[in-house]
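S.K.: Here's the feature list from Swiss-Prot:
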BINDING   9, 10, 17, 89, 90, 91, 99, 123, 124, 125, 126, 127, 128, 129  ATP binding site
BINDING   9, 41, 74, 88  substrate binding site
SITE      17  site 'Transition state stabilizer'
């Protein structure tokens, strides 16, 4: 079985993420969407809610598993789960410049390859950070996030 991992914080998961994950699902037998927590970041949604959003939005895709990734190296996580590839979406050359050193280190540590998928043009500008900022400032993000995510954003606005 060819297994890949798509790691990220997914705060929140958006249509650009979904597009990359769906394409990865066409390339691998199983894709683990590994939802992470970086303690240096401030999150809008707690880990369990980010996992729930990913599961809800990816439920129709075959071969997708959503789970938290614990602390530690992604290379070790891949080795423990028999992952042969890390899949990363690239929006720009700055994404590549950021991701390449990590891809090289992951390959050296565990032998796992990183597969870079260029993001579709209409998603090139999307990031979870930008979506949260636009939403917080009153902008409409409904074209950029799944309906279930939009509902959670709106629900959090009133609490």
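Glycine residues also receive a Cβ, built from the backbone N, Cα and C atoms like all the rest.
Note that this is a predicted model, so its numbers are computed, not measured.
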S.K.: With an 8 Å cut-off on Cβ-Cβ distance and a minimum sequence separation of at least 6, pull the same-chain contacts of residue 124 (ATP binding site), or say none.
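M.R.: In sequence order, 91, 92 meet the Cβ cut-off.
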S.K.: Can you tell me the three-state DSSP label for residue 99 (ATP binding site)?
M.R.: helix
S.K.: Can you tell me which of the binding-site residues 17, 126, 128 is spatially closest to residue 88 (substrate binding site)? Compare CA atoms only.
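M.R.: Looking at Cα distances from residue 88 (substrate binding site), the smallest one goes to 17.
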S.K.: Give me the non-local Cβ neighbours of residue 74 (substrate binding site): same chain, 6+ apart in sequence, Cβ-Cβ under 8 Å, ordered along the sequence.
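M.R.: When sequence neighbours closer than 6 are ignored, residue 74 (substrate binding site) has 5, 7, 34, 86, 102, 106 within Cβ distance under 8 Å.
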S.K.: Just counting, how many other CB atoms are there within 10 A of the CB of residue 9 (ATP binding site)?
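M.R.: Result for residue 9 (ATP binding site): 18 neighbouring Cβ atoms inside 10 Å.
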S.K.: Could you tell me which three-state DSSP class residue 88 (substrate binding site) falls into?
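M.R.: Note: residue 88 (substrate binding site) is in a strand by DSSP.
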S.K.: Counting across all protein chains present, how many other Cβ atoms fall within 10 Å of the Cβ of residue 99 (ATP binding site)?
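M.R.: Result for residue 99 (ATP binding site): 17 other Cβ atoms within 10 Å.
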